[in-house]
Amino acid sequence: MYHSNRQSILDSVAMNHSNKYVVATPSFGRVSLLCERKNSALSIAVSSMFILGVSTALLMATTVANSSEWESNDGISQTSQYNYNSWQSTDSEDLDLPNLRGQGLSFAEQYQNKLLGEWSLRNINGGVKMEHDPWIQETLKDMTWRLNAQARQQALMGLVIIDNPSINAFAAPGGVIGLNTGTILAASSMDELASVVAHEVAHISQHHYESGVDDRKKALLMQVGGMLAAIAASAIDGDAATAVLMGSQTATMNSSMAFSRSNEREADRIGMQIMTQAGYDPRAMPRFFATMNQRSQLNKVENQFLPSFIMSHPLSNERLSDSQSRAQSYPPLSLNQQQRHQALFDLLYWRVQITGKHASETVLTTAAKNSVGAKLALMYWYSEQQRFTDANKLLAEIDVLSATQRQTLEPLLSITHSYMLTEQGKWSEAAQILESQQRLYPERRDLRLYLAEALTNSNQPTQAQALLKPLTEQQPSDRYAWQSLQLANEKLAKTTTSPQLANIATINALRYRSQDQLWSNRYESALISLTQAKQLTEQLQNTPQANSARPLLANINAELKAVKTAKDFKP
């Protein structure tokens, strides 16, 4: 993870005697970003996330959502924009999904959904520990977008991957889907993982979240808020998190919030159709249900809490039996499809293990004897520990594989190799490796992010910005891209010989930092960053750079207005 040690230099801004803006005092990095809230009071973390559930419930209780297609503001269509490693869908009839509303969303409702989705993203980003690894995000987003496209419903606002060991997936208001890393580690195949997301997409497509009485809707979203509060609390105090989760689960059972049996059967049925159309094995759904059922029974015996997914999606023996019978009516996947799915899951499983620091060297070494995914994870671990001789030995073992076998590991193989080089300070060499992959897969977000960081650290910040700007245009909530743009402009401000260019780069770095702060629910910090940028821009108006200052000032004023609007939004 390239961003783990990167530093920002925008803590203070001053002007020196040469009229060149300089910045000082490193203060910003991905580690501090994820941990900066750990010292916050537990009561603030819990209460703010509980308010998230309550406030959302009040809004959802007054909003009637219709069944229709719409696009989010990030311009991503329902059909996956990524074609790499595409899996051939099995031949089957088009889905015949019931339309519960019959009419399309009005413009006002679409706009309200957009605001609500953005609000959900900001609150989730600001309240829980996220899995930020770009390759993991890319892999899961491709799967989620493909599944959602089959339901022909609203385009998703975003996918959030929460670094939490519990089994859970959820849909937050406004088209945000969340998935815990614990769900990935509990699954045994890509198809099982897809079954959880497909089931949730089916609930969304049939408006199960909105079709109940007001009290049920409020309870549902309060439970989501409680779940997020528990995740936030877990970073501070495990016992406190347990207490929050206990209260959330008690409210679940006492409020009749859980989906009805008919809702669950419908979500199972439609979820399997969605999986089949997207090229996944519907038999994986009852298999994963059985896994969750076993865990829930064990937890009952050990007097532990049930998985959050089970609490809101009750799993009876009858439902499990129905699911197994229904799955048998679908044709099996081809052997080629099964092998490709399993190969990708092997990479994903061990990538999550290593980025989440769940696996020890002993576990990785043992697994690497039979798993290429574990071998790449061990190579990553050796690089992180500065054991480059051991890492190179693993790379040599992979290099003896056939070209076809190595290609199935891309681009993760190149990403892992480049990480080893960056840990040695060889940023230019890393950039060369990543450039070859980025030319093959120009649409991949993860390669753009990794390559941009390598270019920034090899003194090519202008080229890095060219890779990053399309990402923020496609998805304005992409915090990783905003952070990368900030760092590229800081590098440009420090290394350019042109005072004029340094001034503009410093202003833009402040602007891009404000976007990251906005999307992590830090409105006051975002306003401070933009105010600093505005002050610097106004000083340029009486210099030869006045022509550049005018459009910059207009952009900053618009961004200030957007942050204030987001801050004032109360669902």
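Cβ coordinates are placed from backbone N, Cα and C, and glycine is handled just like the others.
Site annotation for Zn(2+) in TrEMBL covers HIS199, HIS203, and the matching candidate from GLU138, GLU264 is GLU264. Secondary structure at GLU264 (Zn(2+) binding site), as computed by DSSP, is helix.
In this structure, the CA atom of HIS199 (Zn(2+) binding site) is 6 Å away from the CA atom of ASP268 (active site, proton donor). Using a 10 Å radius centred on the Cβ of GLU264 (Zn(2+) binding site) and all shown protein chains, the other Cβ atoms total 23. In three-state terms derived from DSSP, HIS203 (Zn(2+) binding site) belongs to a helical segment. Over the domain 'Peptidase M48' (133-323), the average per-residue pLDDT in this prediction is 72.
Long-range C-beta contacts of ASP268 (active site, proton donor), restricted to its own chain and to partners at least six residues apart, with a cutoff below 8 Å, comprise HIS199, ALA202, MET285, ARG319, ASP322, SER323, ARG326.
The local packing around HIS199 (Zn(2+) binding site), expressed as other Cβ atoms within 10 Å of its Cβ over all shown chains, amounts to 25.
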